[in-house]
Amino acid sequence: AAVQVLLAAGADREVRDNSQHTPLHIAAWQGREAVVQVLLAAGADKEVRDGEQYTPLHIAAVNGHEAVVQVLLAAGADKEARNNRQYTPLHLAADKGHQVAVQVLLAAGADKE
């Protein structure tokens, strides 16, 4: 609810911190599914990149937040996006052992390569 109030008051949904993270990156990192939904509904850029070229989907996947992964995929996030090291969200989820996030990405058609 606080995010909705801030957005209604004109808060910048694309503001960035020193690492180039937007509110959507941070919500994905924290696993805040409802906040991710509010930000997407308000028009936040689902493909926005941080300083290391991570999208919010990369961040949700690497942290094992499968519910956020599902929300971002449902919103049309690019499941094949590559970060500055050429890793996709699937690579990151698998590397960290987040089996459910891996299953969600594979079910959505993520390329195993």
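The backbone N, Cα and C atoms fix where each Cβ goes, glycine too.
Keep in mind that TrEMBL annotations are predicted by a computer and have not been checked by a curator.
Since we're looking at a predicted model, the values are computed, not measured.
Going by TrEMBL, these are the annotated features:
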- 19-51: repeat 'ANK' (REPEAT)
- 52-84: repeat 'ANK' (REPEAT)
- 85-113: repeat 'ANK' (REPEAT)
Summarise the repeat 'ANK' (52-84) by DSSP state, stating how many residues are helix, strand and coil.
16 helix, 0 strand, 17 coil
Counting each residue once, how many in the repeat 'ANK' (85-113) are helix, strand and coil under DSSP?
16 helix, 0 strand, 13 coil
Limited to the repeat 'ANK' (52-84), I'd like the whole-number average of pLDDT.
98
